[in-house]
Each structure stands twice: as C-alpha cells, then as structure tokens.
Ligand SMILES: Nc1ncnc2c1ncn2[C@@H]1O[C@H](COP(=O)(O)OP(=O)(O)OP(=O)(O)O)[C@@H](O)[C@H]1O
C-alpha cells in the first residue's frame, strides 16, 4: 500500500487528546488579519477553547455522553426528537457550527413511515431551494442538453412522465410522496426498457437518479408477478426465496438503496430486506424470516447467507447490479460470478438483469455482457463523463503543502459561508491511515472532521456518516469506501486531497456533489506523482466545459510523450462496446457520433435487428462560471449547494 504524505507526516492514528499546543496556522496565513480573527474566533462567534472542544467532543465523546445520560439509546448519532441532556449539550455545539436541528438520524424512526424521514430531510436548514425548481428541488433544465444513446434491438421508446408508465397506483403515490414530479433522463429511458422485461446496461452520470430507475420497475414487477404466480411453499424451511436481488459494492450503499426502496414500496405490500457485512447477521436473518421480495445485499454477506441455506436465488426474476463496473473489477468479480453463475439463480434469459453505473469501461462492459441476454445499452451523456453541474478545479500542490493548502481552502470557505457555517465538505485521501491522520489533524486545528474507511467497524462508519449528514461534523475525510453511490444531500465541496489512480474513481468521487440537478464544487490537489492521470483528467474537464489550467495540459502532453501513446491510463468507455469499433472518443455536441445507427454500421454482435436512437442532443454547451475561488465559494459553497 502506498504511503501518502499525510501518513508520513502524521503516522499516528491515535485518537486525538486535548491539544497541548496552540492550533497550527499555515505560514502563508500567519499575521493575516482574517486568520488572527479566526484564532480569536471572532469570525465564528465562539471562543478558541470552544472551537477546540468542539473538535474533540463532536465525534467521539458526545455519543458517550448520550449513552451515559438520557439521550438517544441507540446508534450514537442522536438528534431525533425527545432528546435528553446529552442532546442539549450537543445541540449547543451544533448551533456554534452548523445548525441542522431536525436531523433524521434517530434510529427509533427505522420502523416508521419512511416518508416521515423524507419530510425531515426537507426540514434541514441548508439554504433556500430555488422557488422555480420542480421535482423536489431538482433542476431539470440542467439535464436538457444531455445526449442520450440507446443501442440494441426493439428498444421501447422513452417516456416524458411517470404517469405514462404502468407502475400502479401505489407506486405512483409514492413517487408523489417523494416529490418526484418528472423523470430524470435515465429514468425516462431506462424505466420503459425495464418494464418491458428487457436486460439493460445503463450508464448515467452521478446523482442522476439511477436508484429509482431500477427500483420502480422491479417493485412494479414484483407486484405483477405476485398476482400471476404464487411463491413456493417449502414447509418448515427457513430458506427465503426473494424474487429480486440488488447487489451493491458497499454496506453504506446497500443500506441507502434499502431505505430508498422502502420509500418507493411503501404500502404496496412488497417486502424489502437488506444484508450486509459488519452488522448482526442474526438480526438480518430474523428480518428475512418475515418474508422478502426484494433483497438488497453486498456480495460477501449474501454468499454467507446462501451457504447457511437461509437464502435461495432460485426464484430470482430481477437482478440488479449497481455500480456494476466496480462489482466486476478484480476485487469483486469472483464473488459476483459465484452468485450469478454458480449458484441456483436462473440463467440469463430466464431472469431480467440490469447493470447500472456512471462509468463503464469497455473491458468491463465486455465482462458484464456474460450476464446479460439480448440487452439494451443506454448511455446518458458519454459513458464515464462527469456532470457539468460540478465546477472542477485543479490546484498544483506539492505533497508537503497539502495540509496548509487544505486549511486555506477551509478558511476561505468558512469566511464566505452563510453565518460562518462550513458547508459540508468531503475530503478524499488514498489510505485508511491517511484518513485517520488527516481527521486528527483537522480536529486539532479546530475544524470538526470525522473519518470513514474500511478499517473502522460498521458502527463507527455509520456514526461518521450520520454525523456528517446532519452537519454536526461538516468535514468527512474518506477513502474510496465513500466514493460510490452515496447520496448525501448538500455536499457542497469534494476535495481530492490525494487524487485516485483511476479517472473513473475521480468521476465517482466528485459525483458526491452536484447531485439531482444541483451545482457543486470539486477541487483536486495535483502533484507530480499524479502525472499518469493528467491526460484523462484534462480530457474529462474539457469535456465538461471546465477551465483546464495550462500547466495541466502540459502535464497531459508529458504523460502522452513519456509513454508514447494517447490516452495513457484512460479506461474511457465511450459507448456501447458492441459498437465501439466504429466510434471514436467524442465530446458533447459531436452530434454525428450520437446519430450513428448500429445496424447500418454492421454491428455484428448486437443480437436481433440492431438499432439505436439518440435524443436531446444540443450543441449548446453548459458554460460554468469563472473558476476563481472567490466566485466559486460565494456562488457554490457558501450558502449550501444550490
Ligand atoms: N425524478 C426525480 N425527481 C426529483 N429527484 C430525484 C428524481 N430521481 C432521483 N431524484 C433524487 O436525486 C438524487 C440522486 O439520485 P440517485 O442517488 O439515485 O443517483 P445515482 O444516479 O444513483 O447516483 P450515483 O451514480 O452517485 O450512484 C436522490 O436524492 C434522489 O432522491
């Protein structure tokens, strides 16, 4: 494992104790008026000692206080209604930093109407929604110019409204409850295909509503199947026979999909269960015994349950693999093959298989096609592209200066924030040790941070996420465990403190902001060791109409010439790999590419009469605002993320 600068400088992963020394001030900020104001705490409106205390209390000790007193009994995050003394203490700290008083984190809500939780999200005090927005605050105009490509045979046409699809009254009511007024582009195209029972490989940008695109059709499918067939009755068997399986690469994502699916299936009678590692298997098995139609699972825990003969895949009619490219890369592929090919799951053709991701490199598409039968490929935007809703910025930072640069950004962000609030900021680092070290260092310097990574026990991981989501700890330092799928409202800024090696990981990481039509900011710290990424990073930014620094272009040129080829390290998928032989890597607005017709180009491996369509192509490019920090922070970060 590579050691990053943050590991090297602060190898200690020990939990912080009260600092013996005054907070660190980066040298470029020493003697600057604003900074001394910060350290006298005037700009935040509380004293230095309070701020330091906050850094240590928020994450680790508040929970203990809560447990020891009359606060919430489970989960540690607290924050529900009917709080005891522990809450009051925390609430005071919340007020000093970020006030998100109506956090939805109370575990006692778990068995309640999921829309209760939904409503509570609406109560979060995080900036005004645009009054003109429809669809739960989603800005659909942001999606109007995105080209959509669909290839395969007999493609069902897209819809414009949810009502055009026969999802059933109950699901339609839940769509209304979720305040989804209009389908997003991937929903417009993917839902009719899925409802027609077709296999699907779908690629759409981060935060564009893929979860609902696969949940609605399978809930509706389960309801229809239920009327048509009856489940097998194996007397006295404790084995359950779900009819739909949704696979996810991380526990947090499995849990999120489960919560979403519960909302969409509310009062339909469709039973949803979740299975992921790190949590009590006994409890999960007990829940399964109540019956399950749709099982959301991570591969490891699922295999465990199958080995114990508690789950059988024999009755699976719908299989969804979310983040499919991650699930089929080297880490997961053997487990996925075991689940899909070697156990009792029906073969392709006898089940419906749908693969979703924002990135789909060609080699993974090729692998994935083993699981599919006569599938339709849908791409919203170019495969692997990032959304133009995210303003991307790259700073050249020497490894040794990364911490001071981060602090400068956080200071600027806080100074421009509304009421001195620090907007939710997600900082990605390369290693688990690096995450702990950076969390510790930020906390010691008065910035409330919490880390999430794979070495933490599940309870700590969940607590970190809750604390971040509720704004109690507005900085989350994360490894790639948090890079995929997580839908955390109001993340305003994603900082790649350590850039990933793979451009697809970069796309997913920055995709934690700029979701559901809202804008966001992503800043990357680029150093010499990131040279192999330079070319694909510059291309990705250019494609999303971002300002590419001259020095990055020079690095990109160097990375090409030093390796003697184009697209070094670039796994861009581009399009449906079945038709890749005649397509070139293209950018938005290159209309001709999107209008190529598979059949006329002699695509041999597309089964049936191959065809394709394209939609919503506009050469009008989204032009982001100027990329200066001041404008960015004022416009994007300061008031939340709108
Ligand atoms: N039709 C809609 N109208 C309004 N909001 C929507 C709609 N569809 C989805 N959303 C919201 O958009 C947000 C992002 O959706 P989701 O998490 O499914 O994105 P995603 O495409 O799966 O992202 P990622 O690639 O990061 O996994 C969610 O908060 C969801 O509730």
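A Cβ is built for glycine as well, from the same backbone N, Cα and C atoms used for every other residue.
Automatic, uncurated: that is what TrEMBL annotation is.
Cross-referencing 59-86, 87-114 with TrEMBL places the feature region 'Disordered' at 59-86. In TrEMBL, the motif 'Q motif' annotation falls on 160-188 of the listed ranges 131-159, 160-188.
Shown for the motif 'Q motif' (160-188): DSSP residue counts in helix, strand and coil, namely 16 helix, 0 strand, 13 coil. Across the domain 'DEAD-box RNA helicase Q' (160-188), mean pLDDT in this model comes to 94.
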